Structures are given as structure tokens and as C-alpha cells.
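Trainee: Here it is: the structure, laid out below.
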């Protein structure tokens, strides 16, 4: 990727990469190799504009790839509403693949806002579908890490009256906050209602929260739907799928140390949840990192003037993921 500044118009031309992890789609901007001199206000404005599906490219967020003093690279993610997220599992898979190919390595360590993660190449989850694994170890059930104002140190299968009297939630932090409820049937309207409450009831959740409903299909398959903080109802949220896997193991719906197929509206991933002798959780998080198209975006004083896209380079892997998606629909019922 490279930057081209047209002196006559003060327009900065930025190359972009559209990518997705299980349908959770992003625009990737490479600040590692290019000094764009973007400040956070500009990053926020880019996210709000570029993620608008009606007017621009559309997406759930912007992935900024930067240099790191402690890892191979750093990921920052700004949601579609302009807020910055601490972590995004689906986005991290895309950034991980990008940095792996950029540095010609088999694995890389990526710094995020509050932690760091190893990302490793894996055998394709489906023919032609590029796949990586993230080692997720930054897991906490302490309500202070969300933060959540609750009477006990942990919230495990209990109600939060301010949000709902119907569902039993478990609180999990994977550097970003999650409330997980295991349900018999996923009601999207109720999920949205609770998700909105969870992000507006600051007395309970001062920094908001991601809310997920989990339907257990059988002892090795679950289906997850998520209301994502800063996004809304989403096809996929990587850390929500990770948190849902942990909660499903705690509830003895699936087993620790066994592969779990986690389905959602965007496709499927695999997880393996581990619990050590000290009660600490870690997760192998395995899924696609699909590149969709390359393009350019012209930026004039934080305002996007126009953009172009070229879908030809990644057409084959996009088609492969579409085949994989149809395959997952047959197996998640």
C-alpha cells in the first residue's frame, strides 16, 4: 500500500483492503508501511463515513495496521460509530493474515489496545478459505474487568434485572466486555432490546457491553448471535463466539479441550477451550481471514471524497468462502 498526496487539492489517496472474518467485514488501512499522519479524530471520521453502507464502501469497522515496539505489528479498530474497540477477534484474524503475508512469516504477534496475541497460519477450514488461529489467553470472569456493577465478584448464570428478568447471563471479558445467555431459541428482537439497554444503562455497565444469545445444537456445535457494542446486531463477533464457547463449557453444554463448531449468521469458526489447574481459561480461535477487494479512498481534510474498488484479485477466495458459507448452513440446523 502507498500514499499519494496531490498537492494541488490537498487530497490524500489511501489504498484500502476490504476483508472479513465470518461475515464481520472491515476496511483495512496500512499505517505500518505508510506515514499517513492520521490523528484519532481523523480515524474516527474515516470509520463513520467509510462504514456507511448506503453512501460508501460499508463495513463493521476500520482496521488500522501500525508498527509496534513490542510485537510484529499493532492493530487498532474503530467501529462504524467511530468508537474504538479494545479487541476484535474477527478483525485480528484479518490483520494477522495481512501481517503474516507482509512479513513472510508463519506466525506473528499482534499488539491490541490492551493485550497482545499470537496469530498463526492454519490448514484451510474449507478448500480455498484462508484460515488462521489466534491464541486467546486474556480471559477474565471478574466483573470489574468489563466493568459491570454487580453484587458478586463473578456473574455466572444469573439475572441482571436492569436488562432482563428472563435470561440468565454470564459475564466474560476478553479485553472487551461480553454478556452471554444460553437460550432455547434466539429471539433477535429481544437481543436488540437487551443490547440497547446494556449500552445505555451506564449505572450497570459504564462502558457498554456486547450481548450474545447462544443456542446449543449438540455437544460439539453451538449457534451464536450478537448485539455488538458500537455496531448493533452483527453477522459475527469473534470475541463473542469465544466468550460463548467458554460459557457453554462452564454450563457443561460442550466439553473443554474438544473442538467446538461455532456457527453464526456469517458462517462458522472452530474453538477449543482450555482450563488450567488454576482455573484460568484460554481458547484456540480458528477461522477464516478472507480478502474481498482492494481499492483507493480519497481523503480531503477528514472528508472522504470518493473511492474505487477492484474485485478481480480476490474473486476466487471470495467464491470459496461463499461455498463454505452454504456448507455451514446445511450443518448448523
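Even glycines carry a Cβ here, placed using N, Cα and C.
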Trainee: Could you look at 33, 34, 79, 185 and say which one Swiss-Prot places alongside 24, 89, 90, 176, 210, 228, 229, 238, 239 in the substrate site?
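Mentor: The one candidate that Swiss-Prot places in that substrate site: 79.
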Trainee: Please report the number of other Cβ atoms within 10 Å of the Cβ of residue 89 (substrate binding site).
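Mentor: Step by step: centre on the Cβ of residue 89 (substrate binding site), count other Cβ atoms within 10 Å, giving 26.
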Trainee: Could you tally the C-beta atoms, other than its own, that fall within 10 angstroms of the C-beta of residue 228 (substrate binding site)?
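Mentor: Around the Cβ of residue 228 (substrate binding site), 29 other Cβ atoms lie within 10 Å.
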Trainee: Among all the protein chains here, how many other CB atoms are within 10 A of the CB of residue 88 (active site, proton donor)?
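Mentor: Taking every protein chain into account, the count is 29.
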Trainee: Round to the nearest Å and give the CA-to-CA distance linking residue 88 (active site, proton donor) with residue 238 (substrate binding site).
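Mentor: Here the two Cα atoms are 6 Å apart.
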Trainee: Please list, in sequence order, the residues in the chain of residue 24 (substrate binding site) that are at least six apart in sequence and whose C-beta is under 8 Å away from its C-beta.
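Mentor: Residue 24 (substrate binding site) has long-range Cβ partners 60, 88, 90, 91, 234, 235, 236, 237, 238, 266.
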Trainee: Report, as a single number, how many Cβ atoms besides its own are within 10 Å of the Cβ of residue 238 (substrate binding site).
Mentor: 28
Trainee: Are there any residues in the same chain, six or more apart in sequence, whose C-beta is under 8 angstroms from the C-beta of residue 176 (substrate binding site), and if so which?
Mentor: 85, 86, 87, 88, 210, 229, 239
